[in-house]
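Structure first, commentary second.
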Amino acid sequence: MVEKRNIFLIGPMGAGKSTIGRQISQQLSMEFFDSDQEIEKRTGADISWVLDLEGENKFRIREEKIINEITEKQGIVLATGGGSIQSRKTRNRLSARGLVVYLETTIDKQLDRTKRDKKKPILQNKNSVKSFLEKLATERNPLYEDIADLIIKTDFKSAKIIAHQIINTLFKT
C-alpha cells in the first residue's frame, strides 16, 4: 500500500501540472486541488480577472493563503500556480508538508500548450509571449529547482506516463 503523502506539483504554465495532478490523484485515490481553480471558485471570477483587479502583490497574498490552507490537508495532490513559488512562505510550506515535483518544460512546449488559453491575457499578445516566458523562466526556474524533491521533464510524454513515472519514483518499495 502506498503511503498517501501530499504531492505538490510546481512548474511554469503549460507544464501540465493540472492534467498530471488529476492523473496522479486518480491513480492513488487522493483528493486533487488546483490553486488557480480554488481561487476562481472562492472569488467567483476567472483567474485573469482576479489578477488584473487585485494586482500581482494582492493576488500573491491571496494565493499564499489558499495554498497554506490546502497544504494543511493530508493525502492530497496540489497543482500550484506557476508564480506561487515566488513566496518564500509558500516554498517553505510546500517543502515541509509534502513531496514537491517540479514539472519542467521548454519555452517552445509552453507556447504550444498555452496558445489557445483565453484565461491568460499575456498569452494573447503573440509578439511578447516568448520573451515574457523566457523572463519568467529566468526568475522562477531556480526557485522551482531549489525546493523540488523530484524534477520531471514533461515535453515528450503523455500525462498518464508522467503520472506513472512520478508515482513509481516517489513511492519505490
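Placement of Cβ uses the backbone N, Cα and C atoms for every residue, glycine included.
Since we're looking at a predicted model, the values are computed, not measured.
Sequence-distant contacts (6 or more apart, same chain, Cβ under 8 Å) of SER18 (ATP binding site) comprise ASP34, ASP36, GLN37, ALA79. Residues or ranges marked as ATP binding site in Swiss-Prot: GLY14, ALA15, GLY16, LYS17, SER18, THR19, LYS120.
If you look up Swiss-Prot, you'll see SER18 marked as Mg(2+) binding site, on the strength of similarity to another entry.
The substrate binding site annotation in Swiss-Prot covers ASP36, ARG60, GLY82, ARG140 and rests on similarity to another entry. Listed in sequence order, PRO12, GLY82, GLY83, ILE85, GLN86 are the same-chain residues at least 6 apart in sequence whose CB falls under 8 Å from the CB of ARG140 (substrate binding site).
The CA atom of ARG60 (substrate binding site) is located 18 Å away from the CA atom of LYS17 (ATP binding site).
Cβ neighbours within 10 Å of ASP36 (substrate binding site), excluding its own Cβ and spanning all shown chains: 23. Using a 10 Å radius centred on the Cβ of ALA15 (ATP binding site) and all shown protein chains, the other Cβ atoms total 28. Taking every protein chain shown into account, LYS17, ARG60 are the binding-site residues, and of these the Cβ with the most other Cβ atoms within 10 Å belongs to LYS17.
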